[in-house]
Each structure stands twice: as C-alpha cells, then as structure tokens.
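Per TrEMBL, the features are as follows:
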- 41-122: domain 'PDZ' (DOMAIN)
- 146-226: domain 'PDZ' (DOMAIN)
- 254-337: domain 'PDZ' (DOMAIN)
Amino acid sequence: GLEGDQMSIIKFEFNPKVGIDNPALTLTEDTDGEGMGEPRFYLLTKDSTETFGFCLHEELGCQGHVIRQIELGGVAQRRGLQDGDRLLQVNGHFVDHMDHLRVVQKIKASGNQVLLAVLDGDSYEAAKSLGRDLSQMLPDDIRPRLCHVTRDKSGFGFSVSCPEGTKGTFQLSVLQDGPADRAGVPPGSWLLELNGDSVKSYSHTQLTKKLKQSGNKVTLLVASSAVEEFYRLRGLRVTAALADTSWLPFKVRELHMVKGPAGYGFLLKEDDCSSGGVGQFLWDVDVGLPAEQAGMKEGDRVLAVNGESIEGLGHEQIVHRIRAREDQVTLLVIDPAGDEFYHSVGFGGMVLL
C-alpha cells in the first residue's frame, strides 16, 4: 500500500524448507572503486499460501527499490537478503529505472517463484555517486527460452546429442533457418523440458520417442550455454517460470477501453476453464462498441484489470474492479488457444503477466 504517498510496500514470505544450498551468489569482481560490492542472486520459492518474507520500500532521500522488514527467521533472511539491499533485477528484467508500483507488480506476477538480483546499500549509493550504469554490473541475459517449434518437411530443424551412458543431458544442434532456428532455439543450447515435462530422467531413446509422439509441434524449454553455465555455477535450478516467452506465438493482449454512451459493450461470465479451475471470460461483444474496437474477442479470458492480477478473486470482486474507474478500464486477456497452450507447459495466469 501507500503511506502518505511516499512509500509503497509489498510483503512476501518464503517456505523455510525450500531454497538453495548456496545463498550468496556473486558475479565478477568490481573494477571501479575499491571495496564496492557485487550483485547477489537469490531464487526464492514458496507455496501458494505464503508470501516472500520481506517488504519493498520506496523512500524519500533514498534511491532505488529498498529491501526492508526482512522477517526474522524467514527464508529471505536465511538466504542472505539484507536490510537496505537495493533490488536491481526481477526474473532477469532490470528494474532500477522502473516505477516502484510496476516493480511490485512484477514480483507479484512471478507467482510462487522469483529470481532477484540485489546490491548492498553502500555499494549501490557508491555506484550511483560514480555515475555507473548499474545494468552493466549484470549479465545481458540470464533467462532460458520457451520455444514452440512446428515441423516442416525437413523435420523440426534440430538434432540431439547426449554423452554415452548418461541421462538428462541433451545438447541441441540447430539447423540454420530451420524451424527450430526460426522459433528462437539458440545453437548449442541445452534442453531442459519437452512439452512441459523435465527431461532430467530421460535417456536418448526415451527423448527420441517423446519427440516422435509430439506430432507436428513441440514446445522446448532451452538454455544457451552461457545461461546454463550461469545457473549451474550458482547452484540454481532453471524452470519455465523464469523463461523468456517472447518467442512464443501465443501472446496476451492489453485492451484499453473508454466507456461510450451504451457502455463498454461486453459481458463478463464466470465459467470452468478447459485447463481446470474457474476463470472469467468475455462474451456478447457488441459490434461497433468500445470492447470490439479495442480488439476484444468472445471467449477471451481475463488475467488482470487495470494492471492488477485477478488471481484468486471472485466474480463480484472483478466486476467491482472493472467499474472502479467510472469511464475507462484496461484488461489483460488471452484467447482460448493461448490459454490452453500455456497451461499445457505449466504456466499459470500470474506468470503471463
């Protein structure tokens, strides 16, 4: 919430039984300024009933997004987050320059797992005073990729190699300008998941069989050699929740509508999702009214209202949020095909935000 319009706070907590063996994870040594610290990385995991065990502040006279109120004995504390740390990255996205509430939303949208990069407060202030570009202290890309490959007459456009006698270690050779290359699979990348399932226990024969059973389309979670090395050296597990989804053909859409004399021109209906559970769907989209003009399609599922996830909210609460601004609303939606696809690879609505 906001305190006197000066401070925005969000509280998170960990499951203390979940974490990593090596909590303090650093990058290369600093070369500008004696004694300046290095960014530290933390992969935080919780269950759906918990929070992450710290507060994120925006404070007068203090630059950056500040880690505060670390819960005593919580995993955030046990993993090494320090009071006064500044948050630099959320799931590989540089956030130091972002609006505070937007950063809070990014953490919320991570669901039950988030990868944070932080810098201690003294080093942050020293770097700022030296005019350093803090983004240059971090690797360019630490996210795996989720890629959807459609077979052509030559196949999927990649081959798999595996050290003899091993399981779960698969490196991909990618045909230039082939289906995998066009889908964003980096040459020499490592395969982590196939159609939403980990390949860690697969033999080469089992993987080949799974690929054949996939038909004409396959979804791969892959990590380039550099990304794989980043996680491996730091004892971090790569998951689809951390993935770059920009290569996928299925996109969420943002619909901004200004109410007309006849209203927005749609109905909101609660119904069962094909993937299980209950969702909020858009129906009876009237021709020529603001909803249709904004690109709304019947059957779209609502993920967020005015930038806030509707995860866990009831139908009446969501209707209230839509009506909260008298003359306009912004909805984040996904069509049925995209909704079904993301569920099949283990992505929930929170991650899509």
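Every residue gets a Cβ built from N, Cα and C, even glycine.
The model shown is predicted, which means the values in this text are computed figures rather than measured ones.
With helix defined as DSSP H, G or I and strand as E or B, the domain 'PDZ' (41-122) counts 16 helix, 32 strand, 34 coil. Per-residue pLDDT, averaged along the domain 'PDZ' (146-226), amounts to 94 for this model. Residues of the domain 'PDZ' (146-226) grouped by DSSP class, helix first, strand second and coil last, total 16 helix, 29 strand, 36 coil.
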